[in-house]
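The following features are taken from TrEMBL:
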| type | residues | note |
| --- | --- | --- |
| COMPBIAS | 1-15 | compositional bias 'Basic and acidic residues' |
| COMPBIAS | 32-41 | compositional bias 'Basic and acidic residues' |
| COMPBIAS | 89-113 | compositional bias 'Acidic residues' |
| DOMAIN | 200-406 | domain 'TSP C-terminal' |
| REGION | 1-178 | region 'Disordered' |
| REPEAT | 28-63 | repeat 'TSP type-3' |
| REPEAT | 125-160 | repeat 'TSP type-3' |
| REPEAT | 161-196 | repeat 'TSP type-3' |
Amino acid sequence: NPGQSDKDKDKRGNKCDNCPDDSNPNQSDIDGDGKGDKCDNDIDNDGLLNGADNCPKVANGNQADSDGDGIGDACDNCPQHANQGQSDKDEDLLGNACDDDVDTDSDGVEDSVDNCPNVANSDQQDVDGDGKGDACDTDNDNDGVLDKNDNCELIPNKQQKDTDGDGFGDACSDDKDGDKVLDPDDNCIYNPNVHSTDFRHLQMVALDPQTASTPPVWVVYDNGAEIHQTVNSDPAIAVGDHVLGDVDFEGTFFIEDTSDDDFVGFIFGYQSNAKFYVVSWKKAPQNWFNKAERGVTLKLVNSNTGPGTKLRDALWFTGSTPNQAQLLWHDGSLGWKPKVAYRWLLHHRPDIGTIRFYLYQGNNQVMDSGNIYDSTLKGGRLGLFCFSQEEIIWSNMEYKCGEGVPQAMFNDLPANLQNQVLSS
């Protein structure tokens with residue numbers, strides 16, 4: 001587009017703008033039909049025009065609405081409790097009308113809706129649909145063969161046929177979870193609900209909403225594996241919709257801006273706007289509300305107030321802040337540099353309460369957190385974090401369900417956790 005035409009002035013040229021007549025800098029396109037949501041009269045492509053659809057952003061051709069509140073079950077945050085306003089103060093996707101904030105197993109799923117209330121299973125996987133989550137079901141696929149003896153735990157195969165004798169039944173030899181994605185191409189071979197990295201459906205969470213300032217602008221590329229944040233904004237996160245327990249999460253940081261020196265990062269274990277882990281990287285030290293040191297920090301956010309100035313200040317401060325955020329690890333050896341690509345790799349194993357973070361520049365490892373121990377949050381969603389920093393690119397992102405424990409992490413575990421891993 002040599003003429004650089006931009007009819008709607010959203011900084012996306014007409015040639016590559018999915019709504020050239022309507023300003024939509026984030027280019028959201030929920031149904032992936034090439035027409036942006038801003039100008040698509042059927043955003044979810046379920047055959048119902050947005051104005052007549054009780055879930056305009058979630059495909060639900062049957063328009064089921066169990067509580068009769070005008071919000072379809074497919075997008076109702078309390079489908080059994082009438083709550084037309086859909087109020088969700090803690091932004092955990094469970095509406096206030098049915099959120100009692102009781103979570104016995106700390107997996108981010110309230111006991112009232114948890115299909116395994118005493119066993120952490122943040123993904124709530126239930127392949128046989130019997131109402132009991134796989135994590136606490138002795139026969140996940142309901143084929144009459146107990147899981148401990150079943151050579152296909154997630155696919156019914158009562159006969160247990162195993163032609164090649166490899167220990168996996170013929171019914172699941174190439175596709176363990178039956179999601180029609182072969183295991184070598186599947187990010188989660190034992191989870192039929194997740195098979196690729198996809199941040200196209202983002203939940204935007206403001207962490208200091210009381211301050212009247214600039215909200216971030218998130219733009220999604222590469223089918224949800226690359227995201228740009230373009231403006232200098234208040235602290236905020238953008239959260240994906242896949243829920244994971246054991247997870248490996250990696251991606252590349254690249255900051256195009258050369259004038260600022262603030263925070264870029266990501267989150268994991270997101271359970272609400274007051275409960276998540278955050279990795280944040282500061283280019284240079286700075287005094288504002290308090291001291292922010294240079295380098296990478298890993299914090300547990302477990303805030304008794306949720307978003308607001310107290311949480312904002314705690315995210316800026318490098319240390320721990322009572323009742324807001326606990327510093328789990330800090331490495332001040334390196335601040336990010338603009339126009340340089342850095343690769344991160346995170347391992348989270350909530351079942352043994354262990355986290356490990358690596359950072360690379362080119363082929364060189366520049367940070368290794370060693371094993372970090374915290375069992376507060378046992379799984380949740382992944383997302384991105386920014387605070388007062390513009391022109392950030394997160395690219396080539398990939399998350400996978402963690403299978404086993406990486407060798408370096410295992411080697412550094414205390415004996416009791418090593419025994420737990422070996423016996424599981």
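From the backbone N, Cα and C atoms, a Cβ is placed for every residue, glycine too.
All annotation found in TrEMBL is predicted automatically rather than curated by experts.
When pLDDT values are averaged over the repeat 'TSP type-3' (161-196), the model yields 95. Under 8 Å from some Cβ of the compositional bias 'Basic and acidic residues' (1-15) lie the Cβ atoms of residues 21-25, 27, 230, all in the same chain and six or more residues away from its ends.
With DSSP classes pooled into helix, strand and coil, the tally for the compositional bias 'Basic and acidic residues' (32-41) is 3 helix, 0 strand, 7 coil.
In the compositional bias 'Acidic residues' (89-113), the DSSP tally of helix, strand and coil residues is 6 helix, 0 strand, 19 coil. Residues 17-19, 21-22, 70-76, 200-201, 220, 223 of the same chain, all 6+ positions outside the repeat 'TSP type-3' (28-63), place their C-beta atoms under 8 angstroms from a C-beta of that stretch. Residue counts for the compositional bias 'Basic and acidic residues' (1-15) under DSSP (helix as H, G, I; strand as E, B; rest coil) come to 2 helix, 0 strand, 13 coil. Break the repeat 'TSP type-3' (161-196) down by DSSP state and the numbers are 6 helix, 0 strand, 30 coil.
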